[in-house]
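Reading through the structure tokens given below for one structure.
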Amino acid sequence: MFFCIYLFMFILPRHGRLFLAVFSAVLGNFTFGFALVFPSPVIPQLQKGEDPRLQMDIHQISWFGSVFTLGAAFRGISAMVLNDRVGRKISIMLSGVPSVVGLLVMGAAQNFWMLLWARFLTGIAGGITAGSIPVSVCVRDFTPVCEGVLGSCPQITAVFGSLALYALGLDLPWRWLAVAGEIPVVIMIILLCFMPTSPRYHVMKGNRAKAVKSLEWLRGPSSDYLTEFNKIERSINSQVKGALRDLKKPLYYKPILISVFMRFLQQMTGITPILVYLEPIFLMTAISLELKYDAALVGVVRLMSVVIAASLMDKAGRKALLFTSGFLMYIATLSMTMYTHKTPCSHGNLTVTEGLKSTYGGSTGPAFDPITLIPLISSMVIIFGYAMCWGPITLLLMSEILPLGARGVASGLCVGVSWITAFILTQLFMHVVEAYGLFAPFLFFCVVSVVNIIFTAKCVPETKGRTLEEIKNYFRTG
């Protein structure tokens, strides 16, 4: 590992250290992606297990799936204050504490309450990383190189984390999955010990010498880091905290409302409950292929879509990608709605929990039927559409359009709205499926996709190729 650090620091070209610093930070997003979808392979394993203390009814499944987002909402909002107090580097390192403890409790769980507390603790860690890392990798304020690629790094590593969970879930029992999740956390903490604190944080605290030294380490001694330092210093010195009366100005309230509503719609697409309950959804749709391979395939598609987004973000317009993403999710959710409404569930009149117990892990599966691939393909397209645009570009737009004077408060508001919405949807998802069938939530997500397209057309500005000053003038004058 230390040899790899040496390669990054001394062998790689000009921006090697910068990429190493970004990689060290976004490892927190890897753990976040790993922990977020943890219930997907674990719920079926618990339901077919022999320990009755760990078998769950529909209410417990809903809490096991959703309490992560409650922890993320609780800590995500306060992470904004923590960032200003101790800096984003320390905040990200602190996220390792609840993450390690939560995964240890998960691996040693003997009853439902231990599972719940473990999920809540990993949610707290996820909330800290969600509130710290995207701002820490704010490409327009921190570096002018590879804007789209670096801006997509948090999303890409989160997807890698989810894919790692699906891949490990092919062979590992659920307790060992929790143990495996500790490894990237430990690596993240070790790497961050060698990374400098953000130059912006040092400037905000009045430590000009430390800021210059930090920027020199990131940029390299042969770069024009002093010019960049002067730009950062002027940007921070000109930053004025917005007062309440400023919220009446279009310059403030328009970008804040757009950002908040985009984060709200981002979750209303249903991406969180779909990812959290992916394998149970495949079970209820009676896909002929084995469930764990279905989930792994979806994870690969999700990764491909994020990589495509990273390559397109600097070339295609933000709105064009948002339209494409919304249309793909609309088609896929409509297909899923029609399939689950017309096709009878293979479990007859069994409840969701009874179906999980009776079907998952059986010695023989149903005969292969090509029609059962429709929900698999639909799920792939939903996740492809989301991860290609509505996932990474929503975060990128926030960093581009939010006014500096209100960025801290507005980011906290966006994080809170996002995770509270995710909690409500994930909590209600299984109850709605139990009461009305799987088609009901997907019909709702289909309607939301149409709303997303309309909202993009009417309210979202195009920011590609525009400077921060031009974006500011757009909101000031229209």
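Every residue, even glycine, has its Cβ placed from backbone N, Cα and C.
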Per TrEMBL, the range holding transmembrane segment, considering 116-137, 248-269: 116-137
Candidates 174-195, 373-397, 409-430, 436-457; stretch with most C-beta pairs under 8 Å toward the transmembrane segment (58-78): 409-430
Dominant neighbour of the transmembrane segment (90-110) in 18-38, 149-168, 295-313, 320-339, 373-397, by Cβ pairs under 8 Å: 18-38
Whether the transmembrane segment (320-339) meets the transmembrane segment (409-430): three or more C-beta pairs under 8 angstroms: no
Feature contact check the transmembrane segment (373-397) with the transmembrane segment (149-168), CB under 8 Å, 3 or more pairs: yes
